[in-house]
Amino acid sequence: MTEHDHDHERTVAPMVDEITDFEVLEVALRELCIEKGIFTAAEHRRFTEFAEQIGPTPAAHLVARAWLDPEFKALALAEPMAASKAVGVDWMEPTGFGTPSDFTAFQILEDTPNLHHVIVCALCSCYPRPILGNSPEWYRTPNYRRRLVRWPRQVLAEFGLYLPDDVEVRVQDSNQKHRFMVLPMRPEGTEGWTEDQLAEIVTRDCLIGVALPKVGVRTNVITDTRPAVHPVADRP
Amino acid sequence: GSGVKRNSHHLHAVGKGDPQVYAGQAGTPAFRVGDRVVVRDELPVLFYTRTPEYVRGATGEIAAVAYESPAAEDETWDRPDAAPEWFYVVRFTMAQLWHGYTGTSADTLQTEIPEHWLRAAG
């Protein structure tokens, strides 16, 4: 074989340089499960697609609608899964009995001028996925799980949220089948806003309780982090 | 996967949801909203529990009578004879949970505890 008996233009480069142990095991486990009939390839695809289409938008609209409509707010607090349906989320999906890990016991925690809620799962990463999407990476870290239940005000301050002493901080640890989300207070300066306008400022972080909705803020919290001591650019 | 024994839970919960599928099976709840309760700290926690260590022995208040379900300690081992019991959202005062708590005396924490982990505060 000479060096140039194939067409470089038409050679497909590998997608990745190396396949990790995790990927090898994932393929082995999935293929064995399908081979043994534990689940089908179609079911695997269905769950993957379910997990890819969930996100915080329905929850943001639920909050916006609750701000605009006192009757809907009463429904959201009394029958949160019925209110979820009104924003397009059926907690019984995708199995007919809910997802196996998120259950169907949803509760909405209402903030007041003297009460602020923030959620955590100290045991793992339980999160209201059907209506909020997948949990953020930091929510799953031992750091957040270990500290929020004990030093909530310090942790919230790291997110840029400083609460006065006349506001009670209430941490909700989701350690069993209930899943929780926060219904924050409607901020000032939003008079006359539409549901879509209001939903835009209800970010995922507001629904977890590490941020408050603010006029002009449509993205999640960007925290100040300590700069690298030896940044890559400094290297020769 | 319809013939797989592991799918039996799915099949009996379809259309109802979990924990709704256990509704009506735990009898009368022992505690009501507002009751003062102590989290038992003498129960063994070998291999598995979902009652956080930080509330064991602490006194709290029932914030909600949540739902009926077998305890996670039984469900995790798929014990077929596990009896459903009542679960409660219990509210604790932070300053009582943590020595030297640095927030305010009003700050609270809520967590969910099954009935067998609770006793009435004396």
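Cβ coordinates are placed from backbone N, Cα and C, and glycine is handled just like the others.
Model confidence over the domain 'Nitrile hydratase alpha/Thiocyanate hydrolase gamma' (A:21-211) is summarised by a mean pLDDT of 97. Among the features that TrEMBL reports, domain 'Nitrile hydratase alpha/Thiocyanate hydrolase gamma' is placed at A:21-211.
TrEMBL lists A:CYS121, A:CYS124, A:SER125, A:CYS126 with the feature Fe(3+) binding site. Cβ neighbour count for A:CYS124 (Fe(3+) binding site): 13 (other Cβ atoms within 10 Å of its Cβ, all protein chains included).
Sitting within 8 Å of the Cβ centre of A:CYS121, A:CYS124, A:SER125, A:CYS126, and not among those site residues for Fe(3+), are the Cβ atoms of A:ALA122, A:LEU123, A:TYR127, A:SER135, A:ARG140, A:ARG145, A:SER174. Each of the binding-site residues A:CYS121, A:CYS126 was scored by the other Cβ atoms within 10 Å of its Cβ; the lowest score goes to A:CYS121. The Cβ neighbour count for A:SER125 (Fe(3+) binding site), using a 10 Å radius over every protein chain in view, is 19.
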